């Protein structure tokens, strides 16, 4: 039987319709069966192809070998840039910043395959560039994300992530912050902290829980096998994560991605940072987190027409499968 569920952390409604999951789908990562070279001579992100990069903003040395481990470059095809234009009533200058973080020199591995030191270096690079983006004059919000696989919007197979700095708070993030703030005003509690503890007490959608993070399938998951990685300590913004938080996040994210691969094979997925807020007004209410969103289904006309999402999978069954898909 279908259910209409509300995500208590942002107010959005989702239709959970497991019977629709019986329809046939084939969502394997397009290049999953193609052997991959450690260094691809045609990939602009691989060592030796620096002449194909627009510039190199920063590099972080490898903990395991000489040379760089993570490399930060401007996006060659940016969503926003530092160029400005004259605004009008329905047009705002496309001002902002767009960076790519090349996560490893190797072309043949993803985040889940990296050593613990290397994956932690990636997370530390995210944190450093996130803070740098927030410091750009005129920036109001920073979004960090990974697109893995062609179905998730990745144009290159080499492991990388992106950071976009915006001159305004985008509608969905604004709506989430307003929802969190309203909940705090009426209850005096952070809704994400409250929901996390409720989920841990229930246990129905818990995949794993450590001292610092919980991996959950959201009650109102928008996609099959979606995972929510949430800090157990109230932390209003990703910028406020400390060194121990970052080390634990690296391990937790590798755990989540390995479980997804073990459960469903090589899939396209998005990793999206819910950044929280550094605004002192929102600090007691805001709470950053990460979402791993696999691409097992595509939105259709209903979703486009209503703005609602149909998830053809049971979050409870997905959580159980992921919890059992370790090792």
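Even glycines carry a Cβ here, placed using N, Cα and C.
Per TrEMBL, the features are:
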type	residues	note
ACT_SITE	160	active site, tele-UMP-histidine intermediate
BINDING	43, 46, 107, 158	Zn(2+) binding site
DOMAIN	3-170	domain 'Galactose-1-phosphate uridyl transferase N-terminal'
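Residues 43, 46, 107, 158 make up the record's Zn(2+) site, and a Cβ search at 8 Å around their centroid adds 37, 39, 40, 44, 45, 49, 106, 156, 157 from the same chain.
In this structure the alpha carbons, written CA, of residue 107 (Zn(2+) binding site) and the residue listed as 'active site, tele-UMP-histidine intermediate' are 10 Å apart. On the backbone, the CA of the residue listed as 'active site, tele-UMP-histidine intermediate' and the CA of residue 46 (Zn(2+) binding site) stand 11 Å apart. Cβ neighbour count for residue 43 (Zn(2+) binding site): 18 (other Cβ atoms within 10 Å of its Cβ, all protein chains included).
Listed in sequence order, 40, 43, 45, 46, 102, 107 are the same-chain residues at least 6 apart in sequence whose CB falls under 8 Å from the CB of residue 158 (Zn(2+) binding site). In three-state terms derived from DSSP, residue 46 (Zn(2+) binding site) belongs to neither a helical nor a strand segment and is classed as coil.
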